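S.K.: Pasting in a structure now, in structure tokens, and then I'll have a few things to ask.
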Amino acid sequence: MSEGKLIKRSVFFISDGTAITAETLGHSLLAQFPNVDFDIHIMPYITTEEAAMNIVEEINQCQSRDGTLPLVFDTLVDPNVREIINTSKAVNLDVFEGLISKLEQVLGTPPTTLVGQTHAVTDSEYYKARIDAVHFALDNDDGALTRHYDKADIILIGVSRSGKTPTSIYLSLQFGIRVANYPLTEEDLDDNRLPKVLKEHKNKLFGLMIDAERLVAIRTERKANSRYASYSQCQMELRAVEGIFISEGIPYLNVSEMSIEEISTRILQMTGLKRRIG
């Protein structure tokens, strides 16, 4: 392999449910190997032997094309379906099998075999909390409805394109937390103080910081060669917003090198917010 060239490898996330569990765990593990270019295939709701055989054919085609064994992460409950998947020309990484058998030994009770149970709507209160939180995050994105801030669990603030929206959505979807977010504009920063609507909810504020170089790269994707994406503008905004965070005593986090999952976990740790689900 020539220097700087990425290794290519096909990856399959297979589930009899949404595949969210297999995908989440798989991505967390694959992130440890940045020198590999992963070709991701997501296969949810594989509940029949026929569907499994079709997947095996696709996996084998990838193996033949790539010349390497694909990686297969699965959360399949049905042993017959799983057995078919295991006949593929791949490295099969059953997410549940080893863990379930260990838990069965420790707990002294057999597991259920309900297909797709991981993300099923088995608890209506949890489901409602998740949906309500996601609706809240969408309705209160980017300073849209500040009159609802009294109902927020947390209000994320920071400059434009600092990661507020994806973090809000993840916190709401994964933990059922009601998150609003508000962009601190150049006008806000010129005044060097919090907008009145934020001061009224200061105890709910949490700041997101980002390195200037990273912010330039993100903004350039949106508005290349603009003042908005220039290094001087980004640096000015970030210095001003960090000054506000410090002077107002607002907790904040530099998210430049963090994934959304890491950002969300750190926010929970730093604020002591209690998750409603998960």
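Cβ coordinates are placed from backbone N, Cα and C, and glycine is handled just like the others.
According to Swiss-Prot, the record shows the following:
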{"type": "BINDING", "residues": "Gly158, Val159, Ser160, Arg161, Ser162, Gly163, Lys164, Thr165", "note": "ADP binding site"}
S.K.: Neighbours of the ADP site Gly158, Val159, Ser160, Arg161, Ser162, Gly163, Lys164, Thr165: Cβ within 8 Å of the Cβ centroid, same chain, sequence order.
M.R.: Asn181, Pro183, Leu208, Ile210
S.K.: Determine, from DSSP, whether Lys164 (ADP binding site) sits in helix, strand or coil.
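M.R.: Its secondary structure by DSSP: helix.
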S.K.: Hey, of the binding-site residues listed (Gly158, Gly163), which one tops the CB count within 10 A?
M.R.: Gly158
S.K.: Out of Ser160, Ser162, Thr165, which has the highest number of nearby Cβ atoms, where nearby means within 10 Å of its Cβ, if these are the binding-site residues?
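M.R.: Highest number of other Cβ atoms within 10 Å: Ser162.
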S.K.: Counting only other Cβ atoms and using a 10 Å cut-off, which of the binding-site residues Arg161, Lys164 scores lowest?
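M.R.: Taking Arg161, Lys164 as the binding-site residues, the minimal 10 Å Cβ count falls on Arg161.
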S.K.: Please report the number of other Cβ atoms within 10 Å of the Cβ of Val159 (ADP binding site).
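M.R.: I get 26 for this one.
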